[in-house]
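Engineer: According to TrEMBL, the feature signal peptide maps to 1-21. Residues or ranges marked as transmembrane segment in TrEMBL: 37-57, 64-83, 89-107, 114-130, 142-166, 178-199.
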């Protein structure tokens, strides 16, 4: 059961990402462009779901505080970017966020809520800056609203799935925890692969 569920998740993930990659800001409405933009980068979508998974694993108020910190800091990074300021090492930091969050889930390492929120908040600044640099011809406000909503939905999906795995719904708690760690390992592997591709 665990193996089949893992392959099912991988199959759905592999087929949906290329489909969303066809959307571009200049071709569609600004809000729609913002909504679809997080799905055009594997690094973005993995991190946003991973934040939700990790928040669910920490539990308590982290379930809402950690994703909220990511969302708020991402919007801040976006605003800084469209204002003309540039953050250094944006792409390396984004790739590092994929690897670090994957490791935190796989290990598993559950930081206290506030340090965890601060950690994802720092990473989110760079994700927001990257979004700000890719607005294209879209309206900046509408685009920002769109990708903020998409990010919140991905966080919610990660939280929901994380809670399901943690409770052991249908597959048992042991299998659920194992699958969560496998997904964390896959996220870290994706980050490493993207980093290697970037330097090759």
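Please read every residue number as a count from 1 along the shown chain.
In case you wondered, yes, glycine gets a Cβ from its N, Cα and C as well.
TrEMBL entries are annotated by machine, without manual review.
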Engineer: Would you kindly check 64-83, 114-130, 142-166 and say which stretch has the most C-beta pairs under 8 angstroms to the transmembrane segment (37-57)?
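Structural biologist: It is 142-166, which has the most Cβ pairs under 8 Å.
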Engineer: May I ask for the residues of the chain that lie six or more residues beyond the transmembrane segment (89-107) and have a Cβ under 8 Å from a Cβ within it?
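Structural biologist: Same-chain contacts beyond the flanks: 43-44, 46-47, 50-51, 53-54, 57, 119-120, 123, 126-127, 129-130, 133, 180-192, 194-195, 198.
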Engineer: Which bits of the chain, at least 6 residues beyond where the transmembrane segment (114-130) starts or stops, bring a Cβ under 8 A of a Cβ in it?
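Structural biologist: Residues 41, 44, 47, 51, 54-55, 58, 62, 65-81, 86-87, 89-91, 93-94, 96-97, 100-101.
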Engineer: Taking residues 6+ outside the transmembrane segment (64-83), which of them lie with a CB under 8 Å of any CB in it?
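Structural biologist: For the transmembrane segment (64-83), the far contacts come to 48, 51-52, 54-55, 58, 113-114, 116-118, 120-133, 135, 140, 144, 147-148, 151-152, 155-156, 158-159.
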